[in-house]
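If you look up TrEMBL, you'll see 14-47, 77-154 marked as domain 'Rhodanese'.
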Amino acid sequence: MTTCCPKLMTLLTPRVWWMFRAFGHEAVSLLDGGLKNWQREGNALSSGKSQVAPSEFHASLDKSLVKTYEDILDNLDSHRFQLVDARAAGRFRGVEPEPRDGIEPGHVPGSTSIPFTDFLTESGLEKTPEQIRSLFQEKKDETGAYLIDRDPTYFGPILNFLRHGKLVLDKDMAEEGVLEEAEFYNIGPLIRIIKGRLEEKDYTVTQVPPKHVYRVLQCQEEELTQMVSTMSDGWRFEQLVNIGSSYNYGNEDQTEFLCVVSKELYNSPSDLSSEPSHNAKLLQARGLRM
């Protein structure tokens, strides 16, 4: 006979018990309440070596105790059996981290959460068969269907997506609420769609309204050609004003112009604080001549 004696309240000991049973070992038991309850009841402990007669065990898998990956995948559509998730409720909902790397949060769609701790009393003993049966009855209605306590407001879009693969929302429906339900049911494609829409909405909200910057530059007639060559980085001429020949250069009068140029700063906040380009610095330097 094999006895599984847990020291801590974990799933590991029941897993060992189940593995023995799955491979055909009938004489295997769990110590109710574990070692802690054994000591609490005043029972003796031994630290010496046990003399156990060697024997052979021939394993034979009982397939009725196992569901394969293909079985679980097929059940998403066939609903031949009810899958019960015995992990902590936070891991089931995907709000608590998984203890091992490489495991996505959430649960298999259609599964029901009954944490393994619900099968135990506060002192760590196994609940009675009647109490355990009531755990499953609480999850069912009068027809035997399992009940899931969720807000029905967002169930319509969830059901429509599962049926038709399209997300359809009323204009007043909060996408955040649908996302919460999609995460609860672990519907990966729908989660990605809603998160993408929310990110796009957040990006739109944070956009800075377009802003125009104007500069007035003073130049001589001969400098106009060079001025045109510097018109890049989004700068453009708005107006050219002839202010006459205020100065005499040598034997010829040089006509002076005022050039009004503008540039649109686009919506990204980083554009507002970016370092001016080389050509922009040239325009700024010319503007300082005014």
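Here, residue 1 is simply the first one shown, and the rest follow in order.
For all residues, glycine too, the Cβ spot is worked out from N, Cα and C.
In TrEMBL, annotation is done automatically, which means it is predicted and not curated.
In terms of DSSP secondary structure, the domain 'Rhodanese' (77-154) contains 23 helix, 8 strand, 47 coil. For the domain 'Rhodanese' (14-47), the DSSP-based tally of helix, strand and coil residues reads 16 helix, 3 strand, 15 coil. When averaged over the domain 'Rhodanese' (14-47), pLDDT in the model lands at 88.
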